[in-house]
Amino acid sequence: MEVVILQGSKQIGQLVADAIEALLRRKPTAVLGLATGSSPLPVYDELAARHQRDGLDFSNAHAFALDEYVGLDHGHPESYREVIRREFTSRVNIAEGNVHTPDGAAADLPAACSAYEEAMRAAGGVDLQLLGVGTDGHIGFNEPGSSLASRTRIKTLIEQTRRDNARFFGSLAEVPHHVVTQGLGTILEARHVVLIATGAQKAPAVRDFVEGPVAAICPASVLQFHPHATILVDEAAASSLKLADFYRHTYDHKPAWQGL
Ligand SMILES: N[C@@H]1[C@@H](O)[C@H](O)[C@@H](COP(=O)(O)O)O[C@@H]1O
């Protein structure tokens, strides 16, 4: 696990965009794993700017979202399918048919989950997976207690997550109780995992998953098993890390050719 502590979201957005740009130049057919929430927005803004300004090309790329609410209609503005389109994919030249989200409106949800796993495999697997982290340590919508080997499936949200996400809906009552999410085992198969956490409210979760034990009670801790996981945090989110100075020293002395 590499922990990179940066000044703020703008710097994080640029560094992650650098990694995605390098990936696309090396492999124009790259498969990107997309996350919702506010954490990845600076990355999407930076990639959209580079597409507009420098012609960064997404025309042969593919994208798979991490998760989706169950029970929202396909066009619902807060469905992750719409959020991903609004915040990112409509702002670059990725083909609409190359962008996938789990189908939370399917009549047969278990079959839709299996089909999603199959579509990811058929596309060659995810090259770079973006992640945020919930205040309870969830990634995707893998809440505490999720199997560390889980695959795409239906989950029930804990109340804290529903409250955290209520800001996007008219009221807490409108936040669905159920979701479909890539499993922790699914996420671990991405070739490179890039998790972004900003703000003091994420400091306890960051401390627990980076420096605590690997345990289902803190789902993001499973990333300690990933051979190429990059954790990007601002100063506030890093404020409870015991080894913060060591992470800073390591990153400051990293050879430029190494990239993320
Ligand atoms: N399912 C998403 C997660 O993928 C995201 O990481 C989390 C944190 O969101 P934010 O980045 O807005 O704090 O919110 C939701 O629960």
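Just so it is clear, glycine is given a Cβ too, placed from its N, Cα and C backbone atoms.
All annotation found in TrEMBL is predicted automatically rather than curated by experts.
Model, not experiment: these values are computed from the prediction.
TrEMBL lists D67 (among others) with the feature active site, proton acceptor. Proximity of D67 (active site, proton acceptor) to non-local residues of its own chain (separation of 6 or more, Cβ distance below 8 Å) is seen for T36, Y80, P102, G140, F141, V179, V180, T181, Q182, given in sequence order.
Counting every protein chain shown, the number of other Cβ atoms lying within 10 Å of the Cβ of D136 (active site, for ring-opening step) is 18. Secondary structure at D136 (active site, for ring-opening step), taken from DSSP and collapsed to helix, strand or coil, is coil. According to TrEMBL, the feature active site, for ring-opening step maps to D136 (among others).
Counting only same-chain residues six or more apart in sequence, the Cβ atoms lying under 8 angstroms from the Cβ of H138 (active site, proton acceptor) belong to P144, S146, T161, P219, A220. For H138 (among others), the entry in TrEMBL reads active site, proton acceptor.
Within the same chain, the residues at least 6 positions away from E143 (active site, for ring-opening step) whose Cβ sits under 8 Å from its Cβ are G134, D136, K155, T156, L157, I158, T161, P219, listed in sequence order. Marked as active site, for ring-opening step by TrEMBL: E143 (among others).
When averaged over the domain 'Glucosamine/galactosamine-6-phosphate isomerase' (10-224), pLDDT in the model lands at 97. The feature domain 'Glucosamine/galactosamine-6-phosphate isomerase' is assigned by TrEMBL to 10-224.
Among the features that TrEMBL reports, site 'Part of the allosteric site' is placed at S146 (among others). Following the DSSP three-state reduction, the secondary structure of S146 (site 'Part of the allosteric site') is coil.
Marked as site 'Part of the allosteric site' by TrEMBL: R153 (among others). The number of other Cβ atoms within 10 Å of the Cβ belonging to R153 (site 'Part of the allosteric site'), over all protein chains shown, comes to 21. In the three-state DSSP reading, R153 (site 'Part of the allosteric site') counts as strand.
Marked as site 'Part of the allosteric site' by TrEMBL: K155 (among others).
Annotation source TrEMBL lists site 'Part of the allosteric site' at T156 (among others). When Cβ atoms from all protein chains are considered, those within 10 Å of T156 (site 'Part of the allosteric site') total 13, not counting its own.
Proximity to ligand 1 at the level of Cβ atoms, with a cut-off under 6 angstroms, picks out D67 from the recorded positions D67, S146, T156.
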